Amino acid sequence: MRITSTSCICPVLVCLCFVQRCYGTAHHSSIKVTRNQTKHTEGETEVHHRPKRGWVWNQFFVLEEHMGPDPQYVGKLHSNSDKGDGSVKYILTGEGAGTIFIIDDTTGDIHSTKSLDREQKTHYVLHAQAIDRRTNKPLEPESEFIIKVQDINDNAPKFTDGPYIVTVPEMSDMGTSVLQVTATDADDPTYGNSARVVYSILQGQPYFSVDPKTGVIRTALHNMDREAREHYSVVIQAKDMAGQVGGLSGSTTVNITLTDVNDNPPRFPQKHYQLYVPESAQVGSAVGKIKANDADTGSNADMTYSITNGDGIGVFSISTDKDTREGILSLKKPLNYEKKKSYTLNIEGANTHLDFRFSHLGPFKDATMLKVIVGDVDEPPLFSMPSYVMEVYENAKIGTIVGTVLAQDPDSANSLVRYFINHSTEEERFFNIDANTGTIKTSKVLDREETPWYNITVTASENDNPDLLSHVSVGIRVLDVNDNPPELAREYDIVVCENSKPGQVIHTITATDKDDFANGPRFNFFLDERLPMNPNFTLKDNEDNTASILTRRRRFSRTMQDVYYLPIMISDGGIPSLSSSSTLTIRVCACERDGRVRTCHAEAFLSSAGLSTGALIAILLCVVILLAIVVLFITLRRSKKEPLIISEEDVRENVVTYDDEGGGEEDTEAFDITALRNPAAAEEFTYRRDIRPEVKLTPRHQTLSTLESIDVQEFIKQRLAEADLDPSVPPYDSLQTYAYEGQRSEAGSISSLDSATTQSDQDYHYLGDWGPEFKKLAELYGEIESERTT
């Protein structure tokens, strides 16, 4: 099959046509290809290959934007099997087949029915097949080919990022790059000059230029000054077809702003200035302003002001206002018209941010002269000192001179001055001042211990102008005299343990003195020599403003005396020395072995339990109520008591009730206690008291001689047997007690009946270590031991 195209306008097609003519067969436009085998030279065997298609493939080209009335011819398909008899049918499938591209199924001619746009789609992929019209069987395998849309110059260049805003520093060198602009052309850059763009400048000359190939914009003049012109509008054009006639073009605007550099020094509008300042101006206040102009902006216009010379360099100072860039002139020292009436200042303003590239333009600073004229005003009196400090002794008589203040009129008139104290505060009421001389005197007696320092304010005014006032602070220190004797630092709670030893330190005391340090410590502690020597306690001066209380004897007893009193004397180190007497109260308390106080008196138990007076009253009230209830209950019971025997026929007539209460262990007369200690003592018969026993010998009498050798257990067994067999024993509802103690017990008697008659040397101090539950027991045995020792 062959493909024939009429679009030999394209250089590529021309080359393909040339190749086709040079290497084609004798047939004018077809290439013959055998289907099943290949011929070989002599001697070579026949080699079978896969069948080769009989198509001649090339790319088809179609012009975009075709506007003719007839469909545009694209090319022709032809198969070697086509004999021209119409038996071959050509079929076209793929992109645009049947809609954009149609084929004549008999001749194989392809046409384009629509106008195509290469910028939307550059090529189409289609499939062609030749079949037998009668059998509908393919004569050739289906093959693929491409139809490319040939470009024409139908798109102008565009600046997609425009318009542009850009800056460049002023005073830049000629040729400084500003910006690179880029225009895009939608046409095919590989075909012709349709997409070849050339740049030119339409507006902005002679200040800027543009590179025709790269689109780089550069400065075209030297030293472009922002202060002369700041903004520029440059129009750049891009034209395709390499700028030839007929090419399409597009343009954009570039707004260029010159940024500031420090190329202008500051300048004072005048070389001489004059300023009036009254002498009453306050120190630290602003008295004037001055400003130098700078054509630059931003940080390039920042400057500082300074006073470089002049006789007022120590009286005035200047600072810079960063917002307004003004120099603020302030007063450092007070002005006095009578002493100096004018000052001269040399003020300099200089840029703070220098650009050394422009140092050749001159020094970036300027200077001017300022003359300050001092104005005369009527001033208030002036004190000789800014403040005064005076001293006076306490307890001084009323009218004692403390000190003198002095104020004068600073004006040339030298008016008389009057003084007074405004008694608005309590401190100022202790003093008076002489209105003419300024002498301060006491008006009350001063006490340093109450107020050691007074601050008063003295006011001075002129006789001619009382409204002009000046004030001064006067501090008065009150000096100390030794007028307060020493005393104990606090009330001491001194305790001495019952088991204290002679010479034992039981407490340390200290003293205090309201007077100043010079009239206070050092303190001396001693006993009053006029009193007899204390046999119980003594006092030791530690010579460090403290004293120790020591015991003179061994052991103290609360039962004999629970409080002791010790008079002491204390003297200070003042001249003359003052002394005072005090009495120390010493309580006797029971202590642990380690010296901890256990209790001092009976009330301590209640206080330690944390019971208040109200709680104690409530407890006592409850006890009284309980006692009253018990008494009432017993009275009612006795009044309702029934007789012992209700009737003669009562089955309980043999039960006798005894309401006698035993005397306990201490009752040794109600019962023979020896019977409990030794079974041998029970030799007599035991009869019942409610019936008359019959005298009858029992085996019990026979065993009395052998009691000494019988064990207690055997003895009890015998008694049980006798009780079971003896008809005279008490009935079963009575209780019979055998309280006998064996005689062979090695531990001896455990009864406490006779313990009160024996003396024991046992030490009961260990009871104090058993805890708070045994404190009362330990205290009781401790008192017994103390009494025994005494």
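A Cβ is built for glycine as well, from the same backbone N, Cα and C atoms used for every other residue.
According to TrEMBL:
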SIGNAL    1-24  signal peptide
DOMAIN    79-159  domain 'Cadherin'
DOMAIN    160-268  domain 'Cadherin'
DOMAIN    269-383  domain 'Cadherin'
DOMAIN    384-488  domain 'Cadherin'
DOMAIN    488-605  domain 'Cadherin'
TRANSMEM  615-636  transmembrane segment
Summary of DSSP states over the domain 'Cadherin' (269-383), given as helix, strand and coil counts: 10 helix, 55 strand, 50 coil
DSSP-derived helix, strand and coil totals, residue by residue, for the domain 'Cadherin' (488-605): 6 helix, 52 strand, 60 coil
Segment confidence, the domain 'Cadherin' (160-268), expressed as mean pLDDT: 90
Tally of DSSP helical, extended and coil residues in the domain 'Cadherin' (160-268): 3 helix, 45 strand, 61 coil
